[in-house]
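The structure appears below as structure tokens.
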Amino acid sequence: MGARSVSPHHCPGPFMLFAPQVVSGSRHEPGYCAFYDECGRNPSVGGSLIPPIVPCLNYSPARVLGPEHYQELKKVCPMLDRGEGQTTACCSVKQLKSLERSLMMSKALLNRCPSCADNFGHFHCISTCSPNQSVTINVTRTANITSQGTVREAVVAYQAYLSTSFADKAFDSCKSVRIPSTGGLAIGTMCGRYGSALCTPQRWYDFQGDSSNGLAPLDIDFRLIPEGVTGAVPAGIVPYNGTALGCNEKTPTGGEVCSCQDCQASCPVLPPPPALPAPFTIGGVDAFLLFLLSPYILRNIMGLFSKKRKVKGEVNNWNDETERLIHPSEVTCIDRNSLVAQEFLGSWFQAWGTLIASHPFKVLLASAVVVGAFATGLMYIELTTDPVQLWSAPDSRARKEKDMHDKYFDPFFRTNQLILTAPGRPSYIYDSLIFGKQNFSGIISKDLILELLKLQTRIQVLTKPYPVHYPLHSSPLSFKDITDLKMSCMADYGAPVFPFLAVGGYESKSKYFLWSPGCRQWGTLIATHPLMCCWHSYRSLEDEINRTTAEDIPIFMISYAVIFVYISVALGEYTSFSRILVDSKFLVGLGGILVVGCSVLASMGFYAWIGIPSSLIILQVVPFLVLAVGADNIFIFVLEYQRDARRPNEKREEQIGRVLGNVAPSMLLCSVSESVCFFLGALSTMPAVRSFALYAALAVVLDFVLQMTAFVALLSLDCKRQDRNRCEVVCCITVKTPAPSKPNEGFLLPIMRKYYAPVLLHPVTRVIVMVVFITMLMSSIYLMLHVTVGLDQELAMPKGSYMLEYFKYLYAYFEVGVPTYFVTTKGFDFSKVMGMNAVCSSVGCDPFSLTQKIQYASEYPQRSYLAVPANSWVDDFIDWLNPGSGCCRLYTEGPDEGKFCNASECEYKVPDRKAICVLRIQETHSTLLRPNVTQFNRFLPDFLGNRPDLKCPKGGLGAYDKAVVRDENGEIIATRFMAYHTALTTSREFTAALKTARELAHNITLTMRKINDTPPDFEVFPYTVTYVFYEQYLTIVSEGVFIISLCLLPTFVVCCLLLGMDVRSGTLNLLTIIMITVDTVGVMTLWGIDYNAVALINLVTAVGISVEFVSHMTRSFALSIQPTHIERAKEATATMGSAVFAGVAMTNLPGIVVLAFAKAQLIQIFFFRLNLVITLLGLAHGLIFLPVLLSYFGTFVSVCVSTNRLDNHKRF
């Protein structure tokens, strides 16, 4: 770059001495040279990347070229060709060969755009070989160089004059040329400290003429002169104003126009992506909201014009009309079958209860044996903690793509990141001679840089032998460090470290980002460091979740303890102070808790036996769910028993059996509904949801079975103890105070019967309740459409976690997001010309190739979420094969004949190992260089194993050696092309990035399948480490609707069947549960609870808990024989409502409130908030809305009940 004459001898040259001197005057005449031939090395240039060979001062006429000389000039500088025998020049053959070699290093990056490469070499040819050389350059400094006893005057500095029009056009043709391996711009490597963003034509040429850049052998002062300006030009000098090619023009030698990726002018005219659809509004108001409000609006409008005649004393309220009892002769066949079913369930459970109560110890022993047998499976339990296995199905697309990527390429594992900042350290102003006053962050002050260097050294010790990106020892891609340190600008692994990966927050405070393959000792290492450090490893997220889950286990234990204390206290009768220890139900409450625990353990043990893994979420949620369901059944059973009076001559065991016969069908209704609901929920594709549903379903079934056996036996023993007035726990103590003769209704039932039910079912209250709850439903439907889908990573972290600080800095300062790979599967033939052109993006490639389409997408980062275009091994391989790059060389003689020769080797170090490039441009109608199939397969391994350096920057080692996978036959079976996402911060952005990447990959797949011989199953798919976590959010809404709908179905079917085909009761039951679920999602939107897999598990749980709030009430109303709807609703609200309130609401609420003190935000949001919402909404709908709904639309007196009551009346 900028070298005028560089010797082909890259090995040490002869001994030289020099004496510099300033040229006092120069002659400038057309047809004359200013210098000619080579004088030797320039000793004033040290540390050069190539030998700094300088020309000899020689004012003489231009030479007519001989045949060999002419052919060399025609090859290197074709713009100077005037025909054989007619061409003159000011350079020797040695100079031409040196010029060719020096230009080769820069052209290796520019050859992908022929017009750019032509323009780049154009002026260097003019200043070195033009026959009018003396009118273009002005020699300003020479030196006497003594070489092998001969003293010669050499040129060591000169001025070069060219017009701004030529310079601007040449710069414009090169400014967009990309480096496929990095996605960056080649001009950034040729502009020194300015980089591509601040590069201008003047700065571009200045860097080329700076001998400190490691490439220029002497100092060249480029003077860019506007047309018509003569004052700044020495006499006789004429600024060169030749023709520079545009990047969309062919070269005179037949080079094709540059590709779209390297030249905006070559891009086809593409329409911008369509605008996102605007929300449908009417008059600026959401149309869906207006649709929901339209019934209210219509009702009010009609009310303005309708006239209602009110007659005093005339009341038409059919809900208050007395219903006629049905005579047995009116009972239909279906009704008789329903009656048989009801009688069968009641009598069977009555007989069962009597039997169990009569043999309590045998039943408890048998229950313990069965539970123990199931629980032994816990020895084989497997806890799944890997988020991938929890939330991504093995047969999901993302898992299959991840498995394929990890099979062929290195997986994303053990990647660590360390972010450092210096809060409170003041910034300072640096007055740069080049950039002016610049505001620098305090983190790059000298003392902190030294501290950072020490930390980096310590990290190096921990991370050996893994490669690490260290920002202090490397910088963005450049040929040489332009500071006085003269260090290499490449990382230890041979590739550059880019600014968007090394530092961030250019606008404010800089942060250093250090990447490492993993050291879990970082937490200890940085704890005492003066810089503020936050770090992240590949498994940090999983470790923090597991750690906080373990820390919050005591919170769950306290929650269960609070529930246990409440159950034990609330089940007691407490008729007098002296009988407190007799009438308490401490052991019964403990037994109920043990029944729940045993059912959960048995369920877990059973699934462990058959190999279905568990998870921490099952340990946290399933006991809570089963406890809520089981406590309700316990309260219903125990309260019904306490309110019942033993009949004459009836044994205690018979009474327990009769009470169980009354309430067990209701318990069966809820348990069957819930278990079927959860078993259907196991159809989910998400492993965590599926395993939760299976564990919960079996636990509910086992809980019901144990309640019908062990708990009945335990209650029988407790009743016998109570009959004998023995104290609980210390049964040897007997209390003399007799038990009351009347059944104890407790505290809650009288209040519900006397105050709550009459107020609730007052005509005015009923209307208000219906309006409020219907409004809630409509509002929740609207809010449900705006719920946020996803789970942001920081929500999974506990408050105070070091990861929260990491996420804060990551989102604030990171310039790009995660890398994403576009992976190709087996079947595409890259070795054919059509195959290469369908992938590459350089000259001659398909304008809609794989990499070009990714480039188009990256131009709209707000829509595509792609920040950096994809790299391309195909492009770099084609450039590597180009003879002009000097990369593809083979030994032509000696013992290694035919083997690959690295470009960095000295060509003449071993005389019998002279290496030349054996690949030439194919003899086709096109001048484009493309290898044939044999050459492709022959040289691809050499390219992938060639480490890039300044002699050959296109080597594939490091950038592509792991990007191409070949089988034993040399066929490419997988490749990948790496791009970068934009900085993604929310689940919505991660999900949208996945969706758009898949759409882009599908579009590319369809195009590449059109290439001949490409199989129809060939595919291009995107992959990055986050896709497997966020794929669920593409379908979680539809899957959630499907799963919840499946869960709702059995609540309707079972209710209808167990209530004697009562479709109306089943419909009202289903409607109320749907309202609870919809309202829950609506409140989630208001309270900032995102919808995700954890929320879906809780919504499935909500359906199960809602069954407890609703189904008992519906059955109680359906079986009531009160004369009116309102009276039946009052009876159901007082009797069953009090049990539901005490058993479900008051059991859940204390335990839920305790969860508010958990450290994990995940528990606070999805267990405390969401379960609190579910419980309160279930309570409101079950005890407020449902009684009113039943009073309006409930079924009439059941045929089965009325007939049964008539028969009982005749019998007694």
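For all residues, glycine too, the Cβ spot is worked out from N, Cα and C.
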Pick from 288-307, 1068-1087: which range has transmembrane segment per TrEMBL?
1068-1087
May I ask you to indicate which of 808-834, 1132-1158 is given in TrEMBL as transmembrane segment?
1132-1158
Tertiary contacts of the transmembrane segment (1093-1111) (same chain, 6+ residues out, Cβ under 8 Å):
391, 617, 621, 625, 628-629, 632, 666, 669-670, 673-674, 677-678, 681, 684, 686, 688-689, 692-693, 696, 700, 791, 1032, 1036, 1039-1040, 1043-1044, 1047-1048, 1051, 1055, 1069, 1072-1073, 1076-1077, 1080-1081, 1084, 1140, 1143-1145, 1148, 1162, 1166-1167, 1170-1171, 1174-1175, 1178-1179, 1181-1183, 1186
The transmembrane segment (692-717) in contact with the transmembrane segment (659-686), cutoff 8 A, at least 3 CB pairs, sep 6+:
yes
At a Cβ cut-off of 8 Å, and with pairs 6 or more apart in sequence only, do we get at least 3 pairs between the transmembrane segment (1170-1201) and the transmembrane segment (586-610), yes or no?
no
Is it true that the transmembrane segment (659-686) and the transmembrane segment (616-639) have 3 or more CB pairs under 8 Å, sequence gap of 6 or more?
yes
If contact means at least 3 Cβ pairs within less than 8 Å, sequence distance 6 or more, would you call the transmembrane segment (1068-1087) and the transmembrane segment (759-785) in contact?
yes
Could you name the stretch, out of 553-574, 759-785, 1132-1158, with the greatest number of CB pairs under 8 A to the transmembrane segment (616-639)?
1132-1158
Taking every residue in the domain 'SSD' (552-717), what is their average pLDDT?
84
